[in-house]
Amino acid sequence: MIWQEKIDAALDARRVADALRRRYPVAQGAGRWLVADDCQYLNFSSNDYLGLSHHPQIIRAWQQGADQFGVGSGGSGHVSGYSVAHQVLEEELAEWLGYSRALLFISGFAANQAVIAAMMAKEDRIVADRLSHASLLEAASLSPSPLRRFAHNDVTHLARLLASPCPGQQLVVTEGVFSMDGDSAPLEEIQQVTQQHDGWLMVDDAHGTGVIGEQGRGSCWLQKVKPELLVVTFGKGFGVSGAAVLCSNTVADYLLQFARHLIYSTSMPPAQAQALRASLAVIRSDEGDARREKLAALITRFRAGVQDLPFTLAGSCSAIQPLIVGDNSRALQLAEKLRQQGCWVTAIRPPTVPAGTARLRLTLTAAHEMQDIDRLLEVLHGNG
């Protein structure tokens, strides 16, 4: 098979399965409204959970940072790209989340890949939740360490895997809030079992940080758990982009030496770090509390109104509210019908989710109003 035949065959297979992904150019894609093709939609596909992407204080911080530092960092943090803005943000994140150190990354995907690649050797073992994010599972599959996957949130299965002989170290990998189902990991039980087998715990809390817990400190804080490695991202609750790894002093020093994604990538712009500092200030403030309370009320309203629809509603109390449809083509048809009625909803299909679990992945944000939820429910009931 030549290259073009290989590519064509892969694309054809996706088309036949109604699994071909598309991008839609939007004029506005975050916040309450999405604008595409000169049409305005209620936006139920955004990760901007607290509605901070358009916060004037955060926008102003980025603008002022660009005036002060320019629009780029100018290099890797190991060369010339680590500014005082990066340093102060790392210190503020570490203090907020109760860790000795924080290291900034350009994305959550890069952070997860970097940590696993740097930490793991062939004699070690990775034990990951089966529904962990693609960045975690891909990093684990590319690692020289063997990967074992435990059934979703099944601590008993995890314990059995950890109990089997391993010549090296064991790293347990999970998420705080799972990106496709919106449910939470039983972190306290997972950490207890991990410690019983002398392992370390790595938690990706992309969808919890800023959104849940006291001052938005996330899933681990809420469950009174402190993993050895905590990954937080800034494209969700913070409304910006980027990520950080929270860890001990010695682990931070180790990653600075061996995490290639950190060493060989240009740092995020200092202006972005300034915007993230402003976002963190909002998240920790009374305004942040009010936004989280509003989001919780919107979630409650949605779940109460969707119970009698002929779809499977995932057991999620988070901003991620999936409606499991099952069939790929049915999910696509429903998403299109909702868009025709003014609600922008995304159909998620395999391989992103397991076969037979195609879904409408609805996300609610603090930028929404109660009437938006009521409109969504009205449209869903009309198409159920």
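Each residue's number is its place along the chain shown, starting with 1.
Positions of Cβ are set from backbone N, Cα and C atoms, glycine also.
Quick look at what Swiss-Prot annotates:
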| type | residues | note |
| --- | --- | --- |
| BINDING | R21, H133, T352 | substrate binding site |
| BINDING | G108, F109, S179, H207, T233 | pyridoxal 5'-phosphate binding site |
| MOD_RES | K236 | N6-(pyridoxal phosphate)lysine |
For pyridoxal 5'-phosphate: widest Cα to Cα gap among G108, F109, S179, H207, T233 in Å: 13
Within 10 angstroms of K236 (N6-(pyridoxal phosphate)lysine), Cα basis - binding-site residues out of R21, F109, H133, S179, H207, T352: H207
Cβ packing number for H133 (substrate binding site), 10 Å threshold: 23
Spatial neighbours of T233 (pyridoxal 5'-phosphate binding site) that are distant in sequence (at least 6 apart) but have CB under 8 A: S107, G108, A111, D204, A206, T209, G242, A243
Spatial neighbours of F109 (pyridoxal 5'-phosphate binding site) that are distant in sequence (at least 6 apart) but have CB under 8 A: S135
Cβ within 8 Å of the mean position of the Cβ atoms of G108, F109, S179, H207, T233: remaining residues of the chain near pyridoxal 5'-phosphate: H133, S135, D204, A206, V231, G235, K236, A243
Sequence-distant neighbours of T352 (substrate binding site) in its chain (C-beta under 8 A, six or more apart): A134, M180
Residues near H207 (pyridoxal 5'-phosphate binding site) in space but at least six apart in sequence (CB under 8 A): N47, Y49, E175, G176, V177, F178, S179, G182, K236, G237, S318, A319, I320
G108 (pyridoxal 5'-phosphate binding site), number of other Cβ atoms within 10 Å: 25
Under 8 Å by Cβ from R21 (substrate binding site), same chain, sequence gap 6 or more: R14
Recorded substrate binding residues, R21, H133, T352 - maximal Cα separation rounded to whole Å: 18
